[in-house]
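Everything on this sheet refers to the single structure shown next.
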């Protein structure tokens, strides 16, 4: 594959090694490898990805509209689902347009600034989704384990603070990681072994020390991947225990139906995250990361609205009202 590298010469104040004091080259454009190693599948992949993207956008927008225009869905559970749908749209839209463009051209390039912007919005939305899934698990815990105090515990003001905290905390964390990435030098090669800009393959391309970046990645993995996962597991431990203690079968079914959709989404999302990212940067696998990238940037945003819609009578009723209103 022919690669056209846009570079310009700069003089580095600090040399890359003790023996070099010469001019160095700075990469101003990256090449996204994407799925170029399998050109025979480009048409098929484009059709699949375009379909997934269309369904993801349509499904999440419909959920947002259904919740926004139906007062009966203005409850904590659906408020958090509204936020989840918004995050899914940001997550998949930060990646898919460029990925689809890459499948239609011989090579896919992205500017340095565009790469950093994509990295920011993708990391922001993905980390926010992980944190929000933990908040949603706590909401289900409060509803099932402490139903008499639920309305007081999960008040409108408290839910708004939780959602705002998720967005702000993840935006701040992402700003730190993006800022640390901006301080690095990229002197070539400039081929990112992925279909979008991601931290591990970018660190492998840097000609600067990535020690601080790696430490921050470990801390982020520990918080978003491990701590949040453990809190979700603990919440569902209490939930399952409370359900088993219920006297009637009908009560057990109703309680389980309120959290089963969320549990499916949690299992699906964390499977992709653990598969790709809970490992050192040095052991980064391009093929494994691409597969996980497809799972959480395309498949998860597509399946989330379907899972919550198909298993939820209230959402389906709200969607029917929405469509009947649009026809009138």
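Along the chain as shown, residues are numbered 1 onward.
Placed from the backbone N, Cα and C atoms, the Cβ positions cover glycine too.
Among the residue ranges 187-209, 256-278, the one that TrEMBL annotates as transmembrane segment is 256-278.
Between the transmembrane segment (290-310) and the transmembrane segment (78-97) there are 3 or more Cβ pairs closer than 8 Å, counting only residues 6 or more apart in sequence, so the two stretches are in contact. Comparing 43-66, 78-97, 158-176, 222-244, 256-278 for CB pairs under 8 angstroms to the transmembrane segment (117-138), the maximum falls on 78-97. Counting C-beta pairs under 8 angstroms (sequence separation of 6 or more), the transmembrane segment (158-176) fails to reach the transmembrane segment (222-244), with fewer than 3 such pairs.
If one looks beyond the transmembrane segment (78-97) by at least 6 residues along the same chain, the residues whose Cβ comes under 8 Å of a Cβ in the stretch are 49, 53, 56-57, 60-61, 63-64, 67-68, 118, 121-122, 124-126, 128-129, 132-133, 135-136, 139, 159, 162-163, 166-167, 195-196, 293, 296-298, 300-302, 304-305, 308, 314-315. Long-range neighbours of the transmembrane segment (43-66) within the same chain, counting only residues 6 or more positions beyond its ends whose Cβ lies under 8 Å from a Cβ of the stretch, are 35, 73, 81-82, 85-86, 88-89, 92-93, 96, 99-100, 103-104, 298-299, 301-302, 304-306, 308-309, 315, 318-319, 321-322.
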